[in-house]
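What TrEMBL says about this one:
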type	residues	note
DOMAIN	3-152	domain 'RCC1-like'
REGION	188-220	region 'Disordered'
REPEAT	18-69	repeat 'RCC1'
REPEAT	70-121	repeat 'RCC1'
REPEAT	122-189	repeat 'RCC1'
Amino acid sequence: MVLVACGWRHTITVSDSGNLYTYGWSKYGQLGHGDFEDHLVPHKVEALKDSTISQISGGWRHTMALTSEGKLYGWGWNKFGQVGVGNNDDHSSPGQVSFPEDQKISQVACGWRHTLALSEKKNVFSWGRGTSGQLGNGEIVDRNTPVLIDALSSDGSACKKLESSTAAPFAAKVWVSPSERYAIVPDENVRKAGGGTARGNGADANVPENDVKRMRVQSS
């Protein structure tokens, strides 16, 4: 094995011959075997057996794989369009992501519920959950197909000077106590400062269903 990547509860590995193997949780098809069955040991992703995989990335419940030919494939949980194939259905088998002018991709990265890709033309694309601005396109909406990040791309306004942060250095809290570093996940009890425990908010099917939209408003 020459590459390894982790999702939340699944693992992705690539052999020196370019074959892709996945294992772990597959409730949303994130293993890519055409079903929703968990696997306790590595299984080859047969749908990509004729491709040489050069990069992999795991999201919370989705998976992306890049071939040596610059083709990008995605599968798994797709509620917010993070797989990038033009719909919001979960996919248990790899689907190819399309880019303008059939641009070849050179790098891919998954966030929790969104995905980014860099093309050989030095264009940056994003898709998936966007309600916190994580897609970088100036909007707070979800996208299920790749959208160019204009300010970071050679076909956009890449030469434009980007605005820097106006925050004063070290104005924000820079030290976080150990008791504040834990994220509560489904069905997990976490000790609170001062005693007692805090419980996760239910089964993972319900976490999180709703996001609070947050907008930064700059006063004049």
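Quick reminder: no glycine exception, Cβ is built from N, Cα and C everywhere.
Here the domain 'RCC1-like' (3-152) is broken down by DSSP into helix, strand and coil counts: 9 helix, 66 strand, 75 coil.
Here the repeat 'RCC1' (70-121) has a mean pLDDT of 97 out of 100.
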